[in-house]
């Protein structure tokens, strides 16, 4: 059996999986879009709930490592942008969840969510990303130290 692979999207997919009938492809795409949408809603809900009240230790740890106002503002803006893009994606999709516009709208939500996730990981592992910048430019607005 020839398992030649094609590089597609996020990884390698066996060629045999590329030959899907149009009907099953449409079903799986619709399922993927609805699954992605529900996952992104959960991300947005957890983001907005964590910004209003920190329940998990991870959120608490992240907030403790945010030292500068610029980083705090960036995290808040990303949360608001995710919520806005989810609303826009739901409007764009309307009745046609298979349209190209719908797919693009959910891809935008996914990209912003990934950027916020990257910021969280950076905060957990190496501290505030503005640390080096603020040592050189302590007078800037972004470098004001936030104290609870």
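We number each residue from 1, going along the chain as drawn.
Every residue gets a Cβ built from N, Cα and C, even glycine.
Taken from TrEMBL, the feature region 'Disordered' applies to 37-77. Positions annotated as compositional bias 'Low complexity' by TrEMBL: 46-55. TrEMBL lists 62-77 with the feature compositional bias 'Basic and acidic residues'. Feature annotation from TrEMBL assigns domain 'CP12' to 78-148. If you look up TrEMBL, you'll see 93-102, 134-143 marked as disulfide bond.
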Number of Cβ atoms other than its own within 10 Å, given for residue 102 (disulfide bond): 20
Spatial neighbours of residue 143 (disulfide bond) that are distant in sequence (at least 6 apart) but have CB under 8 A: 68, 69, 70, 130, 133, 134, 137
Number of helical, extended and coil residues in the domain 'CP12' (78-148), per DSSP: 52 helix, 1 strand, 18 coil
Cβ atoms near residue 93 (disulfide bond) (within 10 Å, other residues, all chains): 19
Segment-level pLDDT (mean, integer) for the domain 'CP12' (78-148): 87
